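As structure tokens, the structure follows; a few thoughts come after it.
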Amino acid sequence: MTAPVILYVFFVILPYVEAFYYSFTSWHGFQKAEWVGIDNYKKMFDDDTFWKAVTHNGIILLLLPLATLIIALFFAFLLNVGGKAKAGVSQGVRGSKFYRLVFFFPQLLAVPIVAVLFQSVYRPDKSGVLNGILGFFGVKPVGWLIEPNIALLMLIAVMVWQAIGFYVVLFSAGMSSIPAEIYEAAELDGATPATTFRRITLPLLWGNIQTAWVYLGVAAFDAFAIVDVLSNNQGGPDFSTTVLSEEIYKATLAGKYGYATTLGVALFFLTATFAVIAFTTTKRETIEY
Amino acid sequence: MTKKPRGKSSAFMSLGHVALAGFAVMVVLPMLWAFVSSFKNNTEIFDNAFTWPAKFRWSNWVDAWETAHIGTYFFNTVIVVFFGVAGTMLLGSMAAYVLSRYDFVGNKVIYYTIIGGLGFPVFLGFGPLFKLVQMTKDIPFIGPLLGLNSYVSLVLVYIAYSLPFTVFFLSAFFRTLPTSVAEAAMIDGCSHTRLFFRVMLPMAKPGLVGITIFNIIGQWNQYMFPTLLISDPDKWQLTQGIARISTTAGYEAKWGPLFAGICMAIIPMILMYAFFQRQIQSGLTQGAVK
């Protein structure tokens, strides 16, 4: 019992606590860190890039959980109760085993791999997969990651693409523990799948949805990996896709450790605020069944 | 017999089928494309997206494995992930078990401190973590094993950062196990250690399998920690190797072998997932849901 706690405190807690201290210093690497008070924080609030990054984190926070939750819920519903009931047990639509297997694949991929795959999908000329498909319909190649207006959306699409599988599995697990009798009764009463979904599945699954919402929100505040490896020029073009974690990384690489930890502290407080709000606003009475 | 109101529902269902099939294509297409590209040469890769390779160049796969050292990176990753996951499961299950089934002072504090790790942005601690791992080489006796460029350090960091989710997941699981079995075993004179390894762990098996696979996937795909802690190219992990090939690869570099390397990293994970899929589902049902 003590071993995991020591390990955890040493490698996880200690670095975080130190980070808070360094955010008040001019630490540049190997020489001694000098205390500079709130200078780093002043600099941060005056920095346009910081505000751009925060805005982008906000857009991701809005779109990523919304899109992922809606699509994953829809799919999980189809895969678990969408089909006709057989022997009193509600079934998924035909092929649901296959879909369940395939949808999880993106979760199995490391970030550099996702990056290489989507570099190929988003290539701006006709050798790109997406432009290749659009080419069949006579659409001219689009510079998916080069156009500042759509670049961020294209990155969010990749995040949604990768996340859906996990939440389909999570929601499927939740749905399979809802008793089949409830669905049968609804079917006897002539409820359409849409009504069944809205009146039965959704309320009974609320706990799972809440957990998923918090996970996705935290992921939205991070969003480092995809932006770093896939976006044009790490957060570009022209800072149109940068996020807070990317700016932390860049500041760290540039040796501005003190300033980097200041940005880190900002990120920490944003994430923590979100988590608290998400938990308190989605609180509902748990339905026992 | 009255006819069921089918109109709305069948529209809903056919929309559903289209969406499911469409998303399946979106998932599989890039991977299939990478697989086909692994047999192409550069000219073919930068030609139209949907051309077939003139011939299947298996030499790309040999090149990736040998010349681009994907083989070495592959084995490096297997070693680190093996010890990382074994350690995570041993320490994580013990911690989760004690935290969920024994009452003691500080229990709640330790539990929430560990769970809180789920919400920390990993980045916040990056600089200090680097410095800390660098300093561990000065610890007496075990120092030479630690420090930067050491698998032992990397494994310990993997374990530490895997603990929050593992403990979170497994304590929910242990809490649902019946107390009566544990009580009976204690009355029969079972020690706490024996009780844990002989009674509780076997009972928690479905949950353990599920979370083990999540940890394997997570650690196999880990990119940030190796990049931070391992700079010696002989000790690189698979993800580092692939990232390096792809970032140094301009239009002149060999893209075929890069895609072959990617397939080598993906295929073992897909096979493992296909094999254990049922256990993951049932583990999740009993763990995270309750």
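Even glycines carry a Cβ here, placed using N, Cα and C.
Within its own chain, the transmembrane segment (B:12-36) has Cβ neighbours under 8 Å at 49, 52-53, 259, 262-263, 266, counting only residues six or more beyond its boundaries. The transmembrane segment annotation in TrEMBL covers B:12-36 (among others).
The transmembrane segment feature in TrEMBL is assigned to B:73-97 (among others).
Sequence annotations record features per position, and here TrEMBL assigns domain 'ABC transmembrane type-1' to B:74-276.
Under the heading transmembrane segment, TrEMBL lists B:109-130 (among others).
According to TrEMBL, the transmembrane segment annotation covers B:150-174 (among others).
The feature transmembrane segment is assigned by TrEMBL to B:195-217 (among others).
Taken from TrEMBL, the feature transmembrane segment covers B:255-276 (among others).
Among residues of the same chain six or more beyond the transmembrane segment (B:195-217), those with a C-beta under 8 A of the stretch's C-beta atoms are 81, 84-85, 88-89, 92-94, 97, 162, 165-166, 169-170, 173-174, 177, 181-182, 185-186, 269, 272-273, 276, 279-280, 282-284, 286-287. Same-chain neighbours of the transmembrane segment (B:73-97): 114, 151, 154-156, 158-159, 162-163, 166-167, 169-171, 173-174, 196, 200-201, 204, 208, 211-212, 215-216, 219-220, 235-242, 264-265, counting only residues six or more beyond its ends whose CB sits under 8 Å from a CB of the stretch.
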